[in-house]
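Scroll down for the structure; my scribbles are underneath it.
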Amino acid sequence: MATPVQVLPVTSATDQRSDKSPWIYKLCPPDPLPTLDLSISIKSRFLSRAALNRFNCFVAWRKAIGLAGFVALVFYPLVIMSRAEVGQICAITSTLLLAPTIIAAVAFFRYDVVKLLLRSYDFWFATVINTSTFAVFAIMMGDIRFLVPISAWTGIQVNIMIDASLRAVKVWQFLNIVGVVTHTMTWAIVSLQVIDRLRVFPVFRYKSHELPSSSFVTSGLATLIAIIIRNVYRKRHESSKRSNRLLIECVSYRTDLQYCSYPLGWQQRPNTIQSLDTVSRPEYVKTMRCHKETGVIDPQLTLWQIPIVFASSASTRFTKFISWLGVMSASLSVTSVLYDGYAQPLIHPAVHVPVAQLFALLFTVIYCGICAMHYQRRLLVVLFTSFDFVFLAIQLTIVHVGMCDLLCWNRSCIFVLVSWIWFHWVLCLDALTPIMKAKLGLQRHFALAVPLIFASSSLVLMYYMIFADDTIEVFDRVMLTHNMLGHQVDFRVLPFFYNCYVTALMLVLRLIWRLVFNKWDVLLVVDGVVVYENYLRTATNRVSRRWGSVLQANREATLISPAIQNDTSRSKIENEPERQ
């Protein structure tokens with residue numbers, strides 16, 4: 001008998017609201033989350049029956065495989081710290097020891113979860129950085145030691161796909177912590193260029209500008225270390241409490257969140273709503289769920305307690321005024337650069353005061369300050385504590401500070417400051433509830449135009465900095481000089497700026513993509529936490545589908561032994577070690 005389900009009166013965040021009906025909000029996925037068949041692993045999907053039996057005999061030595069993986073991580077720093085002759089031997093040993101661990105880990109990945117990861121932006125963002133970083137690092141090694149960067153690439157790639165793993169969470173947590181230490185050591189050693197026979201070459205060179213391979217690798221390693229730390233932090237609950245192991249929290253796959261509006265005074269009854277997963281469904285088929293962390297959102301709980309006035313002539317005039325102020329601020333920010341850069345030197349050559357840029361900065365601060373007064377407090381805390389916001393904000397800050405340093409902190413830095421304010425205004429749009437967006441007159445096309453304009457302006461500025469040396473004077477300052485093993489290593493601003501700029505541009509393009517294709521009431525930066533049930537810990541019958549077909553698995557089960565149909569021997573079969 002099906003379990004009764006109470007249907008809640010949920011309306012869209014963009015619905016019409018009456019003047020006497022205030023609303024509260026909750027964050028929910030805009031689309032139903034996918035359903036997974038967790039009985040299919042990579043090995044059961046692609047291996048034949050005979051090959052699967054041989055592979056199961058191989059992975060039965062799980063303790064030896066885990067020990068070999070740990071020893072391989074110990075050999076990893078020896079390759080880059082020792083002499084080239086010793087490092088070559090250690091590289092071969094480390095690769096051979098790590099290979100069984102990687103093969104076993106990938107083989108047990110759930111096939112449906114892997115397919116979901118292949119369609120997520122976070123997976124490809126981390127994969128591109130991982131592949132490009134260790135490909136350049138392997139070329140820098142120049143001999144058989146290139147096997148170690150390739151092994152490190154496979155280890156981090158497995159970490160990126162950790163959402164598809166149902167087993168050995170504590171082991172992977174420990175290996176990730178060791179990996180953070182080893183990759184941090186690699187970052188320091190490559191930065192100081194103390195690896196024996198290390199070949200440093202320019203990844204990109206044009207005239208006097210170049211991007212050394214050492215700077216490219218260190219920047220990529222810093223990003224990868226941050227991603228690994230994020231994964232370790234998000235998986236901390238599963239390794240600390242035994243009860244939490246029933247749920248697998250995804251660290252790479254996340255879901256969009258949308259505002260859902262409810263009448264004021266509505267209260268959720270958790271006991272009246274039950275999941276449909278238990279109704280006529282096999283134990284290995286699970287539906288992903290969104291783990292709610294924000295609860296009920298009151299739109300009136302803003303940074304500055306401002307009353308919400310619905311339909312009135314004063315509120316209409318305020319909305320129009322704020323809308324025009326935003327358009328004027330963004331337009332003046334762009335035109336001020338053109339005026340101060342080209343028109344003012346021709347009209348008033350002796351005047352060096354950037355009047356237009358100062359006005360643009362003033363109007364930008366006023367408009368963004370008014371928007372900040374309407375930020376919802378709880379959403380602002382959620383936004384400031386999310387990894388995506390912190391990581392992108394740090395990248396944007398480094399890029400803008402680096403740009404000011406390259407421009408010798410001249411008057412053009414005012415436009416750089418304006419750009420920094422506008423980018424963070426876009427990042428903080430998630431803290432504005434739909435009713436506050438309507439009050440401020442915010443539209444999708446304006447929010448889309450701001451990152452497009454300033455990202456395009458940065459690309460134009462980069463073009464003049466690299467390909468037109470006579471147009472913009474750039475000073476590539478030496479941040480740090482270090483003497484190591486008889487040679488001098490200079491850390492310059494420009495290579496570090498290039499790497500951070502490319503990373504920030506990739507993340508900004510993701511925001512632009514979401515603004516174009518998502519609904520206006522879907523969050524831009526904050527994603528929903530997705531969990532699914534680990535059926536290996538809750539299922540009463542762990543018979544899995546080895547060849548991806550229920551009918552074929554049933555036929556194979558009936559051919560194995562008639563004892564499966566016998567109730568007296570069923571308990572014995574269920575207590576046997578799982579071989580999937």
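Here the Cβ of each residue, glycine as well, is placed from N, Cα and C on the backbone.
Just so you know, TrEMBL annotations never went through curation; they're auto-generated.
Annotated in TrEMBL:
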{"type": "TRANSMEM", "residues": "64-80", "note": "transmembrane segment"}
{"type": "TRANSMEM", "residues": "86-109", "note": "transmembrane segment"}
{"type": "TRANSMEM", "residues": "121-140", "note": "transmembrane segment"}
{"type": "TRANSMEM", "residues": "174-195", "note": "transmembrane segment"}
{"type": "TRANSMEM", "residues": "215-233", "note": "transmembrane segment"}
{"type": "TRANSMEM", "residues": "321-339", "note": "transmembrane segment"}
{"type": "TRANSMEM", "residues": "351-372", "note": "transmembrane segment"}
{"type": "TRANSMEM", "residues": "379-402", "note": "transmembrane segment"}
{"type": "TRANSMEM", "residues": "414-433", "note": "transmembrane segment"}
{"type": "TRANSMEM", "residues": "445-466", "note": "transmembrane segment"}
{"type": "TRANSMEM", "residues": "493-513", "note": "transmembrane segment"}
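Within its own chain, the transmembrane segment (493-513) has Cβ neighbours under 8 Å at 121, 125, 128-129, 204, 209-212, 215-216, 219-220, 223, 388, 391-392, 395-396, 398-399, 402-403, 405-406, 423, 426-427, 448, 451-452, 455, 458, 462, 474, 476-477, 479, 524-525, counting only residues six or more beyond its boundaries.
Here the transmembrane segment (379-402) does not lie next to the transmembrane segment (321-339) in space: the count of CB pairs under 8 Å, restricted to residues six or more apart, is fewer than 3. Sequence-remote contacts of a segment are chain residues at least 6 beyond its ends whose Cβ falls under 8 Å from one of its Cβ atoms, and for the transmembrane segment (414-433) they are 25, 259, 297, 299, 330, 333, 336-337, 354, 357-358, 360-361, 364-365, 368, 371-372, 374-376, 379-380, 383, 389, 392-393, 396-397, 400, 403-404, 407, 440, 442, 447, 450-451, 454, 457-458, 508, 511, 523-526.
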